[in-house]
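**Q** There's a structure below that I have some questions on.
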Amino acid sequence: MTMENYSMAAQFVLDGLTQQAELQLPLFLLFLGIYVVTVVGNLGMILLIAVSPLLHTPMYYFLSSLSFVDFCYSSVITPKMLVNFLGKKNTILYSECMVQLFFFVVFVVAEGYLLTAMAYDRYVAICSPLLYNAIMSSWVCSLLVLAAFFLGFLSALTHTSAMMKLSFCKSHIINHYFCDVLPLLNLSCSNTHLNELLLFIIAGFNTLVPTLAVAVSYAFILYSILHIRSSEGRSKAFGTCSSHLMAVVIFFGSITFMYFKPPSSNSLDQEKVSSVFYTTVIPMLNPLIYSLRNKDVKKALRKVLVGK
């Protein structure tokens, strides 16, 4: 059978998070709750920023874009996972699997670069406050967001194109709850050396470059904060950055655990646990992290709800 015909006819079976029948309903309810909070939190954040003039600043423009990405890549993964918790045959078509892989990579890579853009925004705000409006113009902000999505699209196109050249003839059971790169490579009966090299290069670049950029930004930020004379000013600066830094550590920590090792050295069960963090937990936490400790967001929300 040719690869073209095989690809059109193939179905995969998603192994899911666990095979224990007694855990399927509790896990369904847990992840349904997480997904509802994710959707409400991120769409609510986008709407709040859109209708509140107080939040029409570069920082919240990036936060709105981040909320959009969190909503999208959670929605690429979670609905199918919820269906599989209740289904007997957890099948996914080859074409659906490739589409899921493509959009997952687009949004997860874009998330990393948006977090980097937000770090740069904080760097300019704290280290060059007088030039902030000139540097972080609407054109620059839009360009940074577009660059994040372009790099996500380029990474997804490369991974998906390389994956579609592989044959899957050993087994159709994917030991994961969604179509990710590593489980698919482990399933293929083709030579995957090129795919593994691409994974190492692309994942390494998309993790190392943003991490270094964030680290450099925060090194300058810390230096500037330590030279602020008033304790109130230092406290305000730390408060502005702490939420973002927390999101960065959680996101890049889980990504690094997943992709900074060769596929052969990864335990797929460990990968499932790590994947849960950046596919379901992080999209839920981000709007909470950025809103609970943010006076501007709480003030805007109060104004929308009570009109004061």
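Placement of Cβ uses the backbone N, Cα and C atoms for every residue, glycine included.
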**Q** Would Swiss-Prot put Lys299 and Leu25 on one side of the membrane?
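**A** They are annotated on opposite sides of the bilayer.
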**Q** Hey, would you say the transmembrane segment (55-75) packs against the transmembrane segment (140-160), going by three or more CB pairs under 8 A that are 6+ residues apart?
**A** yes
**Q** For the disulfide-bonded residues Cys97, Cys189, which Cβ has the most other Cβ atoms within 10 Å, all shown protein chains included?
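**A** Checking each of Cys97, Cys189, the winner is Cys97.
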**Q** Please indicate, using numbers and ranges, the residues of the same chain that are 6 or more beyond the topological domain 'Extracellular' (76-99) and have a C-beta under 8 Å from a C-beta there.
**A** 7-17, 24-25, 27-28, 31-32, 34-35, 38, 107, 160, 163-164, 168, 174, 177-179, 184, 279-280
**Q** Between the stretches 140-160, 238-258, 272-292, which one has more Cβ pairs under 8 Å with the transmembrane segment (26-46) than any other?
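**A** The listed stretch sharing the most Cβ pairs with the transmembrane segment (26-46) is 272-292.
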